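Student: Starting off with a structure, shown below.
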Amino acid sequence: MTSKLIAPSMLAADFGNLQRDTEMVNNSDADWFHIDVMDGHFVPNISYGMPVIAAIKKHATKPLDVHLMIEKPERYIEEFAKVGADIITVHYESTVHLHRTIRQIKDAGCKAGIVLNITTPLTVLEDILPECFMILLMSINPGFGGQKFEDITYKRVKNLRKMIDEQGLDTRIEIDGGVTDKNIKKLVEAGADTFVAGSHVFKSDNPTATIKALKDLANS
Ligand code: DX5
Ligand code: ZN
């Protein structure tokens with residue numbers, strides 16, 4: 001069975017204590033750092049870019065999973081690779097030449113993934129699936145942390161897992177938005193294996209224990 005991974009979203013970290021929060025993730029049961037890049041165009045919010053990612057990379061001992069919520073991400077792939085991205089995911093909705101962009105990510109030495117907004121049909125993935133290390137299904141409308149998980153995601157995970165199995169692939173399915181201890185197990189049962197968690201981790205009294213609890217639930 002594929003091991004289940006937890007990727008705390010640094011969007012919910014305390015930017016005034018970025019080194020402390022990076023080290024908390026290093027010393028926890030988390031697997032990756034989830035890094036949300038927003039440009040104020042593709043999504044109605046602006047987060048952070050290369051200098052902040054480089055600052056996290058300086059202290060991080062685990063891979064950086066960089067989620068690009070920007071228009072025309074192909075303009076910046078090499079720069080994100082240079083500042084330390086290990087995995088780069090781009091939205092299907094953000095780039096015209098998706099196949100070229102996925103190849104570009106791999107040529108830059110990173111693992112490549114595609115993100116779908118909540119109601120983008122899964123069928124758009126059919127031909128590009130073999131090129132992808134991971135598919136990220138949004139379980140909220142991208143742009144902000146702390147939103148409520150949308151239940152339609154369970155059905156989408158099941159259908160995507162079926163599509164991946166039918167093609168004989170081992171593509172990861174990552175879920176992003178509103179993931180908590182209340183829905184993670186059901187998401188695993190539906191076929192997901194990688195989980196982003198922002199507010200649930202960083203707004204808790206003990207983020208390290210919250211990460212462990214999520215990881216234990218996902219692998220139970
Ligand atoms: C939102 C981002 C998410 C966000 C998740 O567009 O892609 O990664 O940080 O935050 P929570 O877990 O609080 O929903
Ligand atoms: Zn994200």
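Backbone N, Cα and C atoms are what each Cβ position is placed from, and that goes for glycine too.
Just lifted these from TrEMBL, have a look:
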ACT_SITE  D36  active site, proton acceptor
ACT_SITE  D176  active site, proton donor
BINDING   S9, H67, G143, F144, G145, G146, D176, G177, G178, G198, S199  substrate binding site
BINDING   H34, D36, H67, D176  divalent metal cation binding site
Student: For a quick check of packing: other C-beta atoms within 10 Å of the C-beta of D36 (active site, proton acceptor), how many?
Tutor: 24
Student: List, in residue order, those recorded positions out of H67, G143, G145, D176, S199 with a Cβ under 6 Å from any atom belonging to ligand 2.
Tutor: H67, D176
Student: Using Cα-Cα distances with a 10 Å cut-off, which of the binding-site residues S9, G143, S199 are near the residue listed as 'active site, proton donor'?
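Tutor: Neighbours among binding-site residues, in sequence order: S9.
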Student: Rank aside, I only need the closest one: which of the recorded positions H34, D36, H67 has its C-alpha nearest to that of S9 (substrate binding site)?
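Tutor: Minimum Cα distance from S9 (substrate binding site) across H34, D36, H67 lands on H34.
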Student: For D176 (active site, proton donor), name the DSSP secondary structure in the helix/strand/coil scheme.
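Tutor: D176 (active site, proton donor) sits in a strand per DSSP.
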Student: Whose Cβ, among the binding-site residues S9, S199, has more other Cβ atoms within 10 Å than any of the rest?
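Tutor: That would be S9, with the highest Cβ count within 10 Å.
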Student: Would you count the other C-beta atoms found within 10 angstroms of the C-beta of G178 (substrate binding site) for me?
Tutor: 22
Student: Write down the Cα-Cα distance for H67 (divalent metal cation binding site) and G178 (substrate binding site), rounded and given in Å.
Tutor: 16
Student: Could you tell me which of these recorded positions, H34, H67, G143, G145, D176, has the fewest other Cβ atoms within 10 Å of its Cβ?
Tutor: G143
Student: Give the distance between the Cα atoms of D36 (active site, proton acceptor) and H67 (divalent metal cation binding site), rounded to the nearest whole Å.
Tutor: 5
